[in-house]
Amino acid sequence: MATSTETISSLAQPFVHLENPINSPLVKETIRPRNDTTITPPPTQWSYLCHPRVKEVQDEVDGYFLENWKFPSFKAVRTFLDAKFSEVTCLYFPLALDDRIHFACRLLTVLFLIDDVLEHMSFADGEAYNNRLIPISRGDVLPDRTKPEEFILYDLWESMRAHDAELANEVLEPTFVFMRAQTDRARLSIHELGHYLEYREKDVGKALLSALMRFSMGLRLSADELQDMKALEANCAKQLSVVNDIYSYDKEEEASRTGHKEGAFLCSAVKVLAEESKLGIPATKRVLWSMTREWETVHDEIVAEKIASPDGCSEAAKAYMKGLEYQMSGNEQWSKTTRRYN
């Protein structure tokens, strides 16, 4: 009889395994994108990179969630495996320490799964759901062990704090900001791109991704250095949000027609700009693609200025800025290949 591990591995085999070179682990584009194939993004000067442990971590983390999360059907299992949440984490944080990347994969995976749950809830129900999880994440309240979202979050945060309490605790509040943004009623009344980008900086979890990257890389920046990164992070949030919105638009537009009228409400840069500019959806996506490349140029310019400044730049700050670049390039690579959007 097969062991549970072998059963999980067999179930996951068609969807999760990647081949990657030992020295340069780049993710293969094994999925032909079906989302807006007539729209070609402008060329980018950046290259993506993937964490070298992507295959083993993906198998480990997917196996954990297959064993512990209550998926309602095999179709839901397949959808989960196709999404490759650990892969996107390894693309976001390719420079993460080997003994920390699995923490980041588990956290982003459970947050993605919770986000899917919220699509079928009203804002009030979603807010109550998240408010229950926040004190559990802090360790102030013990979880109900019959509810996967509760014990998974509790055990994960406890293990992260045991590994590095200082940097783990820096991830907590940004995570809560992200969770609150998911049920923010403001998303129902956003009609201007600038307003949308301000909201999306919280909803895309930019502060969460930044803090989680510092945890996963073991980076300790001074308070002054963190403050000095605000403009760079805000620029990064715009690029991340819009690239994600371009690729996820078709999936989210469909969800808005089939999910809860609040939880699945379509709030996207594509929709906002199309309505504001009176352009069609394909034209709006082309305009947004040009904007993303301009934000990449802005990132490079800010980084060059910081490195050339008379005050200099610490090695930790340089690593952090390079990490932000990899977040953006990695997000684009995952967004254009994941079956979650394509």
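Cβ atoms are placed via backbone N, Cα and C, with glycine included.
As given in Swiss-Prot:
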BINDING   ASP115  Mg(2+) 2 binding site
BINDING   ASP115  Mg(2+) 1 binding site
BINDING   ASN244, SER248, GLU252  Mg(2+) 3 binding site
BINDING   ARG340, TYR341  (2E,6E)-farnesyl diphosphate binding site
SITE      TYR92  site 'Important for catalytic activity'
SITE      PHE112  site 'Important for catalytic activity'
SITE      PHE178  site 'Important for catalytic activity'
SITE      TRP334  site 'Important for catalytic activity'
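Feature map: annotations from Swiss-Prot on the structure.
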residue	record	Cβ contacts under 8 Å, 6 or more apart
TYR92	site 'Important for catalytic activity'	ALA104, LEU108, LEU209, MET213, TYR326, GLN327, GLY330, ASN331
PHE112	site 'Important for catalytic activity'	ALA83, PHE85
ASP115	Mg(2+) 2 binding site	GLN182
SER248	Mg(2+) 3 binding site	SER268, SER335, ARG340, TYR341
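The Cβ of TRP334 (site 'Important for catalytic activity') has 26 other Cβ atoms within 10 Å, all protein chains considered.
Of PHE178, ASN244, GLU252, all annotated as recorded positions, the residue with the shortest Cα distance to TRP334 (site 'Important for catalytic activity') is ASN244. In the shown protein chains, 20 other C-beta atoms lie within 10 A of the C-beta of TYR341 ((2E,6E)-farnesyl diphosphate binding site). Here the Cα atom of ASN244 (Mg(2+) 3 binding site) is found 16 Å from that of PHE178 (site 'Important for catalytic activity'). It is 18 Å from the Cα atom of GLU252 (Mg(2+) 3 binding site) to that of PHE178 (site 'Important for catalytic activity'). Report note: the Mg(2+) 3 site is defined by ASN244, SER248, GLU252, and the residues of the same chain whose CB lies within 8 Å of the CB centroid of those residues, excluding them, are ASP245, ILE246, TYR247, TYR249, LYS251, SER268, SER335, TYR341.
DSSP gives GLU252 (Mg(2+) 3 binding site) a helix state.
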